[in-house]
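Engineer: Copying in the features that TrEMBL gives for the protein in this structure:
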- 62-168: domain 'Expansin-like EG45' (DOMAIN)
- 182-263: domain 'Expansin-like CBD' (DOMAIN)
- 1-23: signal peptide (SIGNAL)
Amino acid sequence: MAFSSATKLVAVVVAAMVGGALCKMGDKPGPNITASYSGKWLDAMATFYGSDPRGAAPDDHGGACGYKDVDKAPFDGMTGCGNEPIFKDGLGCGSCYELRCKEPAECSGEPIQIKITDKNYEHIAPYHFDLSGKAFGAMAKKGLEDKLRKAGELQLQFRRVKCKLPSGTKIAFHVEKGSNEMYLALLVKFVSGDGNIVAVDIKPKGSDEFLPMKVSWGAIWRIDPKKPLKGPFSIRLTTESGGHLVQDDVIPANWKPNTVYNSKLQF
């Protein structure tokens, strides 16, 4: 879809005022981005969102992946929304990308790494990142972060990369509110490597087999068993490129909803 110069100017002004939240719909989404790590740079557009232009976005420090506290380590506010070929109905949650911009003059040209924690519902290009204000500004030359944000939207290049988390970071499981013996929902957090999980299986106490969980929404997986589940639970994870990890008895017998259980493993 082509836009006149006047239309483009309006889009930039609107994006600058609201951090990209009201961008016009653009071209159809591109092909899904996979964990091939080819190193090839692709073209995209970037905007930013949230009420704090220097903050983590969104206002509740969460997003459509279900993560919370994305302003804190290991996310540290370097986060963003991806449109559908990046978000992939939640299966892209946690994946990492390098972004760089060369124009306008405030761009440093140096790549930054961001983690996908939210969905971009209103894309303006086949690939569109709606970033936290902090991440958007991080693409600027030192001292020019606020000036770069005034651009509102940027043309940039991106590529999928493996996630690098702080040393010692282990995978964690948040048992979601409302979980009980007949409904168990888990948020899988802090995954290195591919960053995103494409399959989660659970093995209750006394069982010889893992039971498949299904995506509830975002990075949250659920199971609705035919009979009550008894802990402790072992969890098996599969990443997009086929990596597997099994953590035995990671969720104890006396587990509670709205509680985080840390594993001893990492990809």
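Each residue, glycine too, has its Cβ placed from N, Cα and C.
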Engineer: Compute the average pLDDT of the predicted model within the domain 'Expansin-like EG45' (62-168).
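Structural biologist: Here the predicted model's pLDDT, averaged over the domain 'Expansin-like EG45' (62-168), is 96.
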Engineer: With DSSP helix as H/G/I and strand as E/B, how many residues of the domain 'Expansin-like EG45' (62-168) fall in helix, strand and coil?
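Structural biologist: Helix, strand, coil within the domain 'Expansin-like EG45' (62-168): 18 helix, 33 strand, 56 coil.
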